[in-house]
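TrEMBL has this to say about the protein:
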REPEAT    47-79  repeat 'ANK'
REPEAT    80-112  repeat 'ANK'
REPEAT    114-136  repeat 'ANK'
REPEAT    159-191  repeat 'ANK'
REPEAT    196-228  repeat 'ANK'
DOMAIN    324-373  domain 'RING-type'
Amino acid sequence: MGQGMSCASPNNHENGIFKAAQMGDLDALKSELEDDPSLLHEFSLYDRNSLLHVAASNGQIEVVSWLLERSVNLDALNRHKQTPLMMAAIHGKISCVEKLLHAGANILMFDSLRGRTCLHYAAYYGHSDCLKLIISTARTSHVAISWGFARFVNIRDGKGATPLHLAARQRRPECVHILLDCGALVCASTGGYGYPGSTPLHLAARGGSLDCIRELLAWGADRLQRDESGRIPYLVALKHKHGTCAALLNPSSAEPLVWPSPLKFISDLNPEAKVLLERALMEANREREKTILKGTDYSVSSPSHSDSGEIDDSLSETSESELCCICFDQVCTIEVQDCGHRMCAHCTLALCCHNKPNPTTASVNPPVCPFCRSNIARLVVAKLSIETDDIDLCSSKSRKSRRSWNLSEGSSSFKGLSAFGKMSARGSGRISADELIDKPNE
Ligand SMILES: [Zn+2]
Ligand SMILES: [Zn+2]
């Protein structure tokens, strides 16, 4: 699409300005416009793109900035009613997206091709950095007031698909994660509320991305919801020959752990603690997958798994005093506040997570600290400080043989965090759509 932005025009000047905007040749653009200033508001012949469209699609930030200083129309529409912001989101030109948003570009415009917004496009093409920026703009802009932020995140295109549907269909697990985290409805139906249609899980089953399916299931996606043809996601995966996905979606296989998003203290989690817990949840679910996928030709080994192996090794050298007093297996990484008791991320999850909530029996009682039964006000990452004397750990064992953390131990236990960061940064760069699509099932 980017190359298609060059414009054949019978007029040499016109041709020149669009070429200059495409190539980011600001000097050439200035000299063309000196000859004929009216060309500033010209549209290309066939697609009716403005100079701003062309520069934004090609990531020519200098040209974009220069044009904006000349107060060209920020939300100009091309032949398909696409704005420059949509073009930048389609092509993942993050600096241009940022510039246009900063200049006040309208995020609530729908094109005439499929009734999609810039948020749909960022999700569809997997540009998670653009997606984040648009979402954070929506939080603070007039859209949040006039439309409501939650409504914007769940905005529908002409066929009823939300950005989450598109990200799931196009195998964009990172975008799926971001959208769910920002309030995208995991069971939204393309048929509209209360009408049968496809859920994001149906579309992920069709796309065949295990990671998208994992994310959706961990968020409580319903394996039994039927689409307009009466099919559950499992059947969709089978039909499209995604056997491994089908195994996870099979309603008779064990339910995954579900992230306890409704619990208030979980939504108040600080980002570090959240990353730790999310990671532990995914690990727990992968353990469960091992049983489910036994017999399929799928291997569960993955980069995140080998990383965790490494961490376990390095931590096994640490003293027992830092071990979790519930499982005596993992190191305490989470601290309960206000009481200060500590446990590992896995045990924290076991305490807070539930299998898929049954609406008739769902308990809304928040969990309490397993050591002192006091209410959990907050969960934070346990500080692995050298001065551990002031922290009252739970077992007598720990008091007997407490050894302070040295720096290398402390940093190795945080390798998990950075490994996760690396993992989730995947896809945020300029990875082409083809690379992601061609990637075989992991
Ligand atoms: Zn534990
Ligand atoms: Zn406690």
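Heads up, the Cβ atoms here are built off N, Cα and C, so glycines get one too.
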Residue counts (helix, strand, coil, in that order) that DSSP gives for the repeat 'ANK' (114-136): 16 helix, 0 strand, 7 coil
Spatial neighbours of the repeat 'ANK' (47-79) far in sequence, C-beta under 8 Å, 6+ residues away: 1-2, 4-5, 7, 17-18, 20-24, 26, 29, 40-41, 85, 87-88, 90-91, 93, 95-96, 99-100, 103-106, 109
Mean per-residue pLDDT computed across the repeat 'ANK' (159-191): 94
